[in-house]
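Report on one structure; see the data block that follows.
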Amino acid sequence: MDHLPIFCQLRDRDCLIVGGGDVAERKARLLLDAGARLTVNALAFIPQFTAWADAGMLTLVEGPFDESLLDTCWLAIAATDDDALNQRVSEAAEARRIFCNVVDAPKAASFIMPSIIDRSPLMVAVSSGGTSPVLARLLREKLESLLPLHLGQVAKYAGQLRGRVKQQFATMSERRRFWEKLFVNDRLAQSLANNDQKAITETTEQLINEPLDHRGEVVLVGAGPGDAGLLTLKGLQQIQQADVVVYDRLVSDDIMNLVRRDADRVFVGKRAGYHCVPQEEINQILLREAQKGKRVVRLKGGDPFIFGRGGEELETLCNAGIPFSVVPGITAASGCSAYSGIPLTHRDYAQSVRLITGHLKTGGELDWENLAAEKQTLVFYMGLNQAATIQQKLIEHGMPGEMPVAIVENGTAVTQRVIDGTLTQLGELAQQMNSPSLIIIGRVVGLRDKLNWFSNH
């Protein structure tokens with residue numbers, strides 16, 4: 001270990017930055033956030049330093065480097081574009097046994113600055129020891145995505161509860177289970193973020209007073225259309241906290257690889273016209289696992305409230321009194337159209353979008369006359385097997401046969417395939433494609449040749 005990671009208490013302690021440019025400003029922000037009593041020495045300063053000085057947040061000393069400024073300092077940073085000057089600052093600090101950071105020169109410094117994830121009071125620091133700052137930044141960004149934005153507020157609030165929790169729960173095991181429950185409670189985190197004192201109190205009392213083997217909860221998460229990079233930040237956090245993940249066929253392997261390793265995985269895949277697991281049985285799986293006190297994630301492709309039957313599943317939970325929440329996902333219409341270069345709306349071609357299920361029930365009829373109108377985009381989910389019927393009905397009700405159409409297979413995935421043509425060809429085109437596929441009909445499809453960015457990658 002080349003460096004010892006430490007967290008310094010700098011509040012109301014003298015610190016010095018030598019340099020008045022953009023790099024120095026970034027370092028100054030960190031020291032000001034830490035509460036340091038900051039002096040900045042430079043020949044000239046960018047406007048931000050002047051603004052801080054005018055607000056009484058720091059002291060500016062204009063002129064050449066003055067070593068005496070180090071005499072009362074706890075910490076110094078050399079942040080100029082003059083290597084020789086930076087070396088002088090470092091040596092002067094070393095002579096006074098003051099830790100000094102030299103920007104972009106770790107070998108000349110007595111301490112280095114890590115990449116920081118700030119969820120105060122929770123702080124995470126990542127460093128490559130100065131050997132690969134880009135790697136440290138990438139790791140920081142990955143960790144940022146895993147830590148909820150309001151985690152710091154929850155951590156601070158937890159500190160206020162420590163005494164009461166110690167009184168309430170006799171054993172260390174009980175306390176640990178309580179804290180695990182508190183830190184993953186979305187309602188508490190949101191209430192703290194909104195400063196909703198009533199909700200904070202209600203949630204806290206519920207968490208403290210309910211038995212530790214209480215019923216669990218279900219989180220309905222939209223996995224997006226396929227590309228794992230389109231999974232939302234909150235969705236990622238939920239699947240990495242789950243005890244059980246109940247998922248279907250439209251959830252990609254790449255997304256399942258992000259699921260918490262020791263979580264139970266229950267596959268309930270569905271295909272058009274054939275349900276591998278009946279919907280009622282899926283409802284009962286969610287109910288049964290939650291009643292065991294587990295944190296259950298129901299992971300569905302796209303958005304769970306857009307042709308995902310998410311509402312039906314939640315009704316069962318609601319009737320049983322099981323707590324639940326919903327994390328929306330990018331729906332297939334949005335993802336597939338974007339990755340195919342087809343804007344769903346356009347000032348010249350489409351003022352509205354219609355999302356339509358292609359599962360046409362026996363005896364059920366869509367409003368084909370309105371669907372055939374111009375200046376709109378139609379998106380049919382699960383419509384591959386009904387493509388010929390869709391073609392026939394739209395033409396019968398007045399849609400021009402030359403209306404552009406596209407079918408997107410495995411949208412947003414590396415295996416995405418897109419075929420386009422006209423409405424008169426729709427039934428024939430559908431025979432060349434496999435499920436899952438999305439049908440897009442409208443003048444906007446004509447923009448695909450110009451805007452098709454994904455296939456070029």
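Positions of Cβ are set from backbone N, Cα and C atoms, glycine also.
The region 'Precorrin-2 dehydrogenase /sirohydrochlorin ferrochelatase' annotation in Swiss-Prot covers 1-204. Per-residue pLDDT, averaged across the region 'Precorrin-2 dehydrogenase /sirohydrochlorin ferrochelatase' (1-204), gives 92.
In three-state terms derived from DSSP, LEU43 (NAD(+) binding site) belongs to neither a helical nor a strand segment and is classed as coil. Summarising the environment of LEU43 (NAD(+) binding site), the number of other Cβ atoms within 10 Å of its Cβ, over all protein chains shown, is 13. Annotation source Swiss-Prot lists NAD(+) binding site at ASP22, VAL23, LEU43, ALA44, citing sequence analysis.
Neighbours of SER128 (phosphoserine), defined as other CB atoms within 10 A of its CB across all chains, total 16. If you look up Swiss-Prot, you'll see SER128 marked as phosphoserine, on the strength of sequence analysis.
The region 'Uroporphyrinogen-III C-methyltransferase' annotation in Swiss-Prot covers 216-457 and rests on sequence analysis.
According to Swiss-Prot, the S-adenosyl-L-methionine binding site annotation covers PRO225, GLY301, GLY302, ASP303, ILE306, THR331, ALA332, MET382, GLY411. A sphere of 10 angstroms centred on the C-beta of ALA332 (S-adenosyl-L-methionine binding site) encloses 28 other C-beta atoms.
Secondary structure at ASP248 (active site, proton acceptor), as computed by DSSP, is coil. If you look up Swiss-Prot, you'll see ASP248 marked as active site, proton acceptor, on the strength of sequence analysis.
The active site, proton donor feature in Swiss-Prot is assigned to LYS270.
Within 8 Å of the centroid defined by the CB atoms of PRO225, GLY301, GLY302, ASP303, ILE306, THR331, ALA332, MET382, GLY411, the record's S-adenosyl-L-methionine site, lie the Cβ atoms of GLY224, LEU250, PHE307, GLY308, GLY329, ILE330, ALA333, GLY335, CYS336, TYR381, LEU438, excluding the listed residues themselves. Sequence-distant neighbours of ASP22 (NAD(+) binding site) (same chain, 6+ apart, CB under 8 A from its CB) are ILE46. When secondary structure is read from DSSP and collapsed to three states, ALA332 (S-adenosyl-L-methionine binding site) falls in the helix class. The binding-site residues considered are VAL23, ALA44, ILE306; of these, ALA44 has the fewest other C-beta atoms within 10 angstroms of its C-beta. Under the three-state DSSP scheme, PRO225 (S-adenosyl-L-methionine binding site) falls in the coil class. Following the DSSP three-state reduction, the secondary structure of GLY411 (S-adenosyl-L-methionine binding site) is coil.
In the three-state DSSP classification, VAL23 (NAD(+) binding site) falls within a helix.
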